[in-house]
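Here is the structure we will look at, set down as structure tokens.
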Amino acid sequence: MRLSQGAPGARVLAFGGYQPAEVVTNHDLAARIDTNDEWIQSRVGIKERRVAGPQESEIDLAVQAGGKALAASGLSADDIDLVIVATCTLEAQIPNAAGRVAHRLGIEAPGAFDVNAACAGFCYGLSAASDAIRAGSATNVLVVGSEKLSQWVDWDDRATAVIFADGAGAAVVGPSEVPRVGPVAWGSAGDKAEAITIKDRRSFLQQEGQTVFRWATTALHPVALLACERAGVDPAELGAFVPHQANLRIVEAIARKLGADQAVIARDIVLSGNTSAASIPLALSRMIERGEVASGDLALLLGFGAGLTYASQVIEIP
Ligand code: UT7
């Protein structure tokens, strides 16, 4: 038996993001449920979010984001041999998303699997992609985070309706002579599994907001710092910090603990809401489009969410 030979490292070649057209403002929500713009902005940091209608599936969102990342990467569909979709909100368990997304993008017969690590899913998928490239089991990988949370949220439950939204983000990952995707720092806290749940196929998403808030603001900055250490990067060298867009207060609380005052902090939640596995690549694609980060900058990613799961790595901006 032989082992396959992979590349010395992996790098992200391009990002792409996509959001559905319909904007739902805080005032729209306040017209339906007992909430208000001031509460949502001060407690969660969201001004508006995007929601997909019945005509647009989670697969559609993923195809749009994946297509943009593929076009921006300079590769063609034929170059991709593995597709990973991070999601926790598919409308049905079978079939998975990755095979359908690949087919719609004209990617012929790639390896295709989904990752359910909830809001940490994109970082898990990116790590799997980087490892597959280094191990020689894939050459170029499309990693997509896509969520249609609106189909699992009770729009009359103010505890969740004000937070979650729909969207997708994607990255094309390829081989590199030097590593441009750092080692992952990941883990889970299964003892807190009940903190975020969808109990069964007839239930909506529920979360113990304060349990998750306390955990996120106390347990996760060491994970992010470990990712920096494993990559050999001082936080003072970071160009950007792109955590999961769960709550602006969580984003800012973690950022304050990193010693990376010079880094641009992703605040995409303000206009996009919490899009779970989509939030990190969606935020990054916008930051690149707006010129807030430059090619070669180091960005620290930190995903965390239901499970509870978490994963963090440093990448170089393509
Ligand atoms: O992405 C997956 C990971 N998830 C997260 O990271 C979520 C983490 N948790 C959070 O972001 C926050 O805990 C929430 C945004 C979910 C809630 O914020 P909070 O500051 O923890 O509020 P709370 O649940 O402690 O509620 C405070 C008050 C309560 O009223 P009383 O009892 O003080 O009178 C709630 O009933 O705010 C009330 N409230 C609302 N008021 C207006 C709760 N939801 C709303 C609302 N509008 N939507």
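Glycine is treated like the rest: Cβ placed from N, Cα and C.
According to DSSP, the secondary structure content of the domain 'Beta-ketoacyl-[acyl-carrier-protein] synthase III N-terminal' (113-190) in residues is 26 helix, 28 strand, 24 coil. What TrEMBL records for 113-190 is domain 'Beta-ketoacyl-[acyl-carrier-protein] synthase III N-terminal'.
Look at TrEMBL and you will find Cys119 (among others) tagged as active site. Using a 10 Å radius centred on the Cβ of Cys119 (active site) and all shown protein chains, the other Cβ atoms total 33.
Annotation comment: TrEMBL describes 228-317 as domain 'Beta-ketoacyl-[acyl-carrier-protein] synthase III C-terminal'.
Residues annotated as active site in TrEMBL: His244 (among others). The Cβ neighbour count for His244 (active site), using a 10 Å radius and every protein chain shown, is 34.
Long-range neighbours of the region 'ACP-binding' (245-249) within the same chain, counting only residues 6 or more positions beyond its ends whose Cβ lies under 8 Å from a Cβ of the stretch, are 43-46, 119, 163, 212-213, 216-217, 266-270, 272-275, 279-280, 282-283, 304-305. The region 'ACP-binding' annotation in TrEMBL covers 245-249.
The feature active site is assigned by TrEMBL to Asn274 (among others). Here the Cβ of Asn274 (active site) has 26 other Cβ atoms within 10 Å, regardless of which shown protein chain they belong to.
Model confidence over the domain 'Beta-ketoacyl-[acyl-carrier-protein] synthase III C-terminal' (228-317) stands at 98, taken as the mean pLDDT rounded to a whole number. Across the domain 'Beta-ketoacyl-[acyl-carrier-protein] synthase III C-terminal' (228-317), DSSP assigns 34 helix, 23 strand, 33 coil.
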